[in-house]
Amino acid sequence: MYPQGRHPAPHQPGQPGFKFTVAESCDRIKDEFQFLQAQYHSLKVEYDKLANEKTEMQRHYVMYYEMSYGLNIEMHKQTEIAKRLNTILAQIMPFLSQEHQQQVAQAVERAKQVTMTELNAIIGQQQLQAQHLSHATHGPPVQLPPHPSGLQPPGIPPVTGSSSGLLALGALGSQAHLTVKDEKNHHELDHRERESSANNSVSPSESLRASEKHRGSADYSMEAKKRKAEEKDSLSRYDSDGDKSDDLVVDVSNEDPATPRVSPAHSPPENGLDKARSLKKDAPTSPASVASSSSTPSSKTKDLGHNDKSSTPGLKSNTPTPRNDAPTPGTSTTPGLRSMPGKPPGMDPIGIMASALRTPISITSSYAAPFAMMSHHEMNGSLTSPGAYAGLHNIPPQMSAAAAAAAAAYGRSPMVSFGAVGFDPHPPMRATGLPSSLASIPGGKPAYSFHVSADGQMQPVPFPHDALAGPGIPRHARQINTLSHGEVVCAVTISNPTRHVYTGGKGCVKIWDISQPGSKSPISQLDCLNRDNYIRSCKLLPDGRTLIVGGEASTLTIWDLASPTPRIKAELTSSAPACYALAISPDAKVCFSCCSDGNIAVWDLHNQTLVRQFQGHTDGASCIDISHDGTKLWTGGLDNTVRSWDLREGRQLQQHDFTSQIFSLGYCPTGEWLAVGMESSNVEVLHHTKPDKYQLHLHESCVLSLKFAYCGKWFVSTGKDNLLNAWRTPYGASIFQSKESSSVLSCDISADDKYIVTGSGDKKATVYEVIY
């Protein structure tokens with residue numbers, strides 16, 4: 001009955017064999033269970049040991065690959081230097097006298113004849129020096145195991161004979177140190193040059209740049225400066241005059257003060273490539289690799305500044321210091337209120353591991369477990385039309401082993417294949433360290449909506465059967481009109497009843513009558529602020545007779561729309577150099593403005609006076625919304641916080657800390673839920689009292705604007721990735737998605753939830769009809 005090797009049953013003398021009492025049978029079963037439990041424990045210990053060894057092997061593999069790749073690059077570099085020096089010598093030698101020419105020629109020939117003995121001696125000396133340096137700075141060097149089975153990693157040429165000494169990793173400590181230093185210099189160079197490019201402007205975001213200075217200043221190597229100059233030269237080859245206005249709102253990595261408004265030609269980012277970040281690194285090699293860079297907003301705000309000599313604010317760099325110190329996905333400093341860690345710094349468009357390998361080794365431990373990289377062209381198992389998202393950014397199967405290993409160790413997306421340009425820097429599981437079991441739901445389809453519990457546990461959301469159906473839930477949206485504003489459209493709003501659309505651009509607001517199909521020209525133009533200053537926000541009072549406009553100036557303009565021709569009724573002047581967002585109280589008596597200095601100004605519209613300032617944000621306040629009953633205000637800032645304010649008592653109620661800058665937010669008209677758009681490309685839906693939340697991952701870049709439908713059942717978000725996404729409240733089932741030709745900077749929904757208007761970086765606004 002029992003196999004051999006099991007514990008024998010206790011046998012009492014005086015009784016026939018195999019006749020047990022119930023108690024003896026229970027004892028036997030207990031012994032068997034304890035035996036199995038001991039076996040299970042030993043197997044589990046063995047499994048954990050093997051898992052740790054596997055993780056360590058993956059880290060070693062990537063480190064080995066990094067060394068090999070670095071040496072390969074260095075070899076090609078030195079070869080090219082030698083060729084150029086030879087050319088120079090050949091050009092100079094004819095100027096020498098005949099005898100000197102012969103002497104120099106002989107010396108050159110002798111220099112070329114390096115014997116293996118000399119080479120080995122040189123290598124040994126270099127290794128000794130490197131080991132001394134490693135011991136002095138980082139302790140004993142890390143020794144890597146040989147590649148398993150003696151095989152070379154894919155893409156690495158085999159190393160032979162004495163040259164194998166080049167791959168000795170005794171200097172790994174110093175190599176890692178140099179890697180960190182190079183990365184730091186590269187980021188700081190970006191920050192320094194961006195700041196210098198904005199110094200010529202009357203910058204309303206001096207305080208914004210000030211927050212950048214804490215990231216440290218160091219001496220920049222000549223090599224880093226040279227790389228930056230080469231990047232600019234390469235970008236200038238693809239300049240397009242038609243795109244010059246785009247970078248006024250969207251940062252296109254053109255930091256040359258002499259040419260502040262030139263941006264490369266753009267096309268839709270079919271591969272989901274994060275252009276802004278790739279441009280911040282090494283210069284691209286083709287126009288395709290800088291596609292859509294002109295529709296790339298800076299990471300400082302939802303485009304709170306521009307590289308323009310006009311009075312436009314300067315921004316934080318689009319390559320922020322990576323915040324990889326988050327212990328778990330979604331960690332925040334407030335218990336129970338967690339957010340995704342920031343995206344890793346820029347990724348090169350070349351299909352090799354250069355960018356990923358530039359990351360310091362020390363940050364890999366959090367992301368040791370490999371996880372599934374998958375597309376999210378379908379929702380969490382319930383999308384009715386998968387074709388709607390087809391081609392968003394699928395990862396082809398020919399992913400190389402080295403790239404996959406690097407992705408596992410670094411928590412980054414693997415490159416598609418060596419030499420390929422396109423890859424997705426923001427898959428659903430980007431850099432979160434989530435186990436692969438969370439990458440999909442039981443149906444096997446990729447997940448993009450996750451529920452985050454109070455303790456930070458993330459689980460894919462199983463959508464209810466009525467997620468995409470039911471009263472008040474749209475089926476899709478149809479584009480019905482394009483309003484050619486002529487400048488980048490940073491602000492839009494729709495009148496109630498739905499007839500007029502207001503688009504804010506550079507120095508003016510244009511009014512469009514959308515009740516007449518095919519209308520191609522505005523019915524009125526409201527010139528406000530200065531001619532070169534951008535409108536950031538425009539809000540209608542509930543009666544539709546008054547429009548309030550704010551932007552890159554210290555004044556808010558109040559327009560009387562009821563007069564025969566619109567006229568300026570009043571101007572409100574604040575101490576802040578810019579206003580980034582506006583909100584109106586439901587009773588239309590008070591206006592709230594988000595200031596570039598972080599304060600929230602409260603204005604009495606009847607007396608046209610400043611009555612209060614909410615102080616708390618340590619950096620610019622970028623977005624704002626007010627509760628339906630007018631008792632609570634929500635604000636988001638570039639200090640990575642979302643704050644709520646009690647308007648009756650005039651005090652701060654809550655603060656939610658994140659690891660990413662906040663670019664947009666919206667409060668559900670029916671209460672309870674607050675949706676927040678991040679620089680990290682996530683949308684997070686928070687409950688106003690409970691600590692758990694939802695995290696949505698369909699955007700591939702910064703989420704620049706967000707608006708709830710008036711019914712509260714759905715909301716839309718727009719981003720630097722050219723996408724307009726519609727989500728179900730609160731769990732984020734994707735209702736529909738529309739892709740535009742440039743960054744979508746602003747959006748609004750009509751009061752009857754039948755129309756959506758978006759403003760984009762290609763100087764137009766788009767009107768959508770919502771189909772139910």
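Glycine too: its Cβ is placed from the backbone N, Cα and C atoms.
Annotated features, as they stand in Swiss-Prot:
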type	residues	note
CROSSLNK	LYS720	ubiquitin cross-link
MOD_RES	SER203	phosphoserine
MOD_RES	SER207	phosphoserine
MOD_RES	SER240	phosphoserine
MOD_RES	SER245	phosphoserine
MOD_RES	THR259	phosphothreonine
MOD_RES	SER267	phosphoserine
MOD_RES	THR312	phosphothreonine
MOD_RES	THR319	phosphothreonine
MOD_RES	THR321	phosphothreonine
MOD_RES	THR328	phosphothreonine
MOD_RES	THR334	phosphothreonine
MOD_RES	SER413	phosphoserine
REGION	130-164	region 'Disordered'
REGION	132-199	region 'GP domain'
REGION	185-347	region 'Disordered'
REPEAT	616-655	repeat 'WD 4'
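When other Cβ atoms within 10 Å of the Cβ of LYS720 (ubiquitin cross-link) are tallied across all protein chains shown, the result is 34.
Taken together, the residues of the region 'GP domain' (132-199) have an average pLDDT of 46. Note on the repeat 'WD 4' (616-655): DSSP counts are 0 helix, 23 strand, 17 coil.
Annotation note: LYS720 (ubiquitin cross-link) sits in a coil segment as assigned by DSSP.
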